[in-house]
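> Below is one structure. I have some questions about it.
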Amino acid sequence: MPNRYYEKDGNLDFLAGRTVAIIGYGSQGHAHALNLRDSGVDVVVGLPAGSKSTAKAEAAGLKVLSPADAAKTANVVMILVPDHIQADLYNNEIAPHMTAGKTLMFAHGFNIHFGQIKPPVDIDVTMVAPKAPGHRVRELYTEGVGVPALVAVHQNATGQALERALAYALALGCLKAGVIDTNFREETESDLFGEQAVLCGGAAELVRAGFQTLVDAGYAPEIAYFECLHELKLIVDLIQEGGLSYMRYSVSDTAEYGDYTRGPRVVNDQTRAEMKKILSEIQSGEFARQWIEENKTGRKNFLAMREKGHNDQIEVVGRELREMMTFLKKKKEVGVPVA
């Protein structure tokens with residue numbers, strides 16, 4: 001079993017006298033910056049000129065610098081911008097300032113594992129990856145609870161890489177819940193697989209296929225939406241709270257029997273074979289090469305798929321039905337970014 005770390009294993013002294021640069025101020029960036037600041041860590045935020053996030057960070061009382069100046073000022077640099085822009089940002093603005101003894105940190109291992117970022121050998125390279133979106137990382141920190149996280153050491157030039165990563169996790173609030181030891185390869189490959197085969201790709205296609213099956217059979221799209229998409233959250237919440245057994249305990253016996261007898265016909269041997277193929281494509285670097293090339297050539301295919309998905313019947317019906325659901329937090333409907 002991998003090592004697990006808790007509050008007793010972290011020591012903020014390993015960040016004492018050090019400045020941490022949070023590069024980016026999005027979902028994770030704002031949570032990391034605010035939590036570390038509130039834990040007594042000296043924090044600066046690195047944002048490009050003209051960033052819309054600058055005003056938000058400054059309103060929160062944080063010092064904002066350019067990414068280059070933030071990296072120059074800091075002893076610890078946490079990169080929390082999207083995967084596809086990390087390499088250029090690192091190479092152009094951060095790398096020149098990663099002098100011996102500094103720490104380069106990530107919340108996801110994509111660019112290190114697939115060689116898009118190649119740090120010098122005389123710095124520490126670590127990961128602290130909270131297993132929750134940024135708003136939950138911040139919310140639970142303020143409640144004194146914290147979210148679980150993963151920790152990994154890729155380079156240990158100083159001999160204190162793990163200790164500093166655990167100090168960061170402590171300041172972030174994650175050691176209250178517990179942090180599990182991993183490595184960059186395991187985190188990256190398992191994270192991508194989970195996204196592609198289960199959480200995003202798998203779940204989305206399952207929902208779309210179920211919806212379309214009912215609609216093609218003559219059922220009202222509105223009914224199909226409720227049965228195949230809307231109620232999914234109810235089931236996922238039960239699974240997250242207590243596992244599959246708790247979900248099955250909580251639903252009707254009819255639903256549970258259908259689970260046992262029909263579920264394996266949906267996710268069958270052919271599905272499992274495709275899952276293995278998807279994992280193999282991740283492990284070999286094929287997916288990474290495809291995604292990197294997509295970004296280098298203007299994201300034409302990606303943006304076309306995004307627009308097509310936005311205009312699917314299930315999405316059109318969903319936008320209409322959510323107007324009825326006053327119990328949902330009112331959120332602006334998401335459009336389709338063109339770039």
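Every residue gets a Cβ built from N, Cα and C, even glycine.
Copied straight from Swiss-Prot:
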type     : residues                                                                     : note
ACT_SITE : HIS108                                                                       : active site
BINDING  : TYR25, GLY26, SER27, GLN28, SER51, SER53, ASP83, HIS84, ILE85, GLN86, GLY134 : NADP(+) binding site
BINDING  : ASP191, GLU195                                                               : Mg(2+) 1 binding site
BINDING  : ASP191, GLU227, GLU231                                                       : Mg(2+) 2 binding site
BINDING  : SER252                                                                       : substrate binding site
DOMAIN   : 1-182                                                                        : domain 'KARI N-terminal Rossmann'
DOMAIN   : 183-328                                                                      : domain 'KARI C-terminal knotted'
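For each feature listed, report its degree of burial, its nearest neighbours and the pertinent distances within the displayed model.
Neighbours of HIS108 (active site), defined as other CB atoms within 10 A of its CB across all chains, total 21.
Non-local contacts of ASP83 (NADP(+) binding site) by the CB criterion (under 8 A, 6+ apart in sequence, same chain) comprise HIS108, PHE110, ASN111.
Its own atom aside, the Cβ of ASP191 (Mg(2+) 1 binding site) has 19 Cβ atoms within 10 angstroms in the protein chains shown.
All chains included, 11 other C-beta atoms sit within 10 angstroms of the C-beta of GLU231 (Mg(2+) 2 binding site). According to DSSP, GLU231 (Mg(2+) 2 binding site) is assigned to coil rather than to any helix or strand.
SER252 (substrate binding site) counts 9 other C-beta atoms within 10 Å of its own C-beta, drawing on all protein chains shown.
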> As a test of the contact definition, list every same-chain residue at least 6 positions from GLY134 (NADP(+) binding site) whose Cβ is closer than 8 Å to its Cβ.
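Expected: GLY26, SER27, GLN28, GLY29, HIS30, ALA31, HIS32.
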> Counting only residues 6+ apart in the same chain, whose Cβ is under 8 Å from the Cβ of SER51 (NADP(+) binding site)?
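The answer is TYR25.
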> Could you tell me the C-alpha distance between SER252 (substrate binding site) and GLU227 (Mg(2+) 2 binding site) in angstrom, no decimals?
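With the alpha carbons as reference points, the distance is 15 Å.
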> Report the DSSP secondary-structure composition of the domain 'KARI C-terminal knotted' (183-328) as helix, strand and coil residue counts.
125 helix, 0 strand, 21 coil
> In whole Å, note down how far the CA of ASP191 (Mg(2+) 1 binding site) lies from the CA of ILE85 (NADP(+) binding site).
19
> How big is the NADP(+) site in terms of the longest C-alpha to C-alpha distance among TYR25, GLY26, SER27, GLN28, SER51, SER53, ASP83, HIS84, ILE85, GLN86, GLY134, in angstrom?
19
> Rounded to an integer, what is the Cα-Cα distance in Å between ASP191 (Mg(2+) 1 binding site) and GLU231 (Mg(2+) 2 binding site)?
25
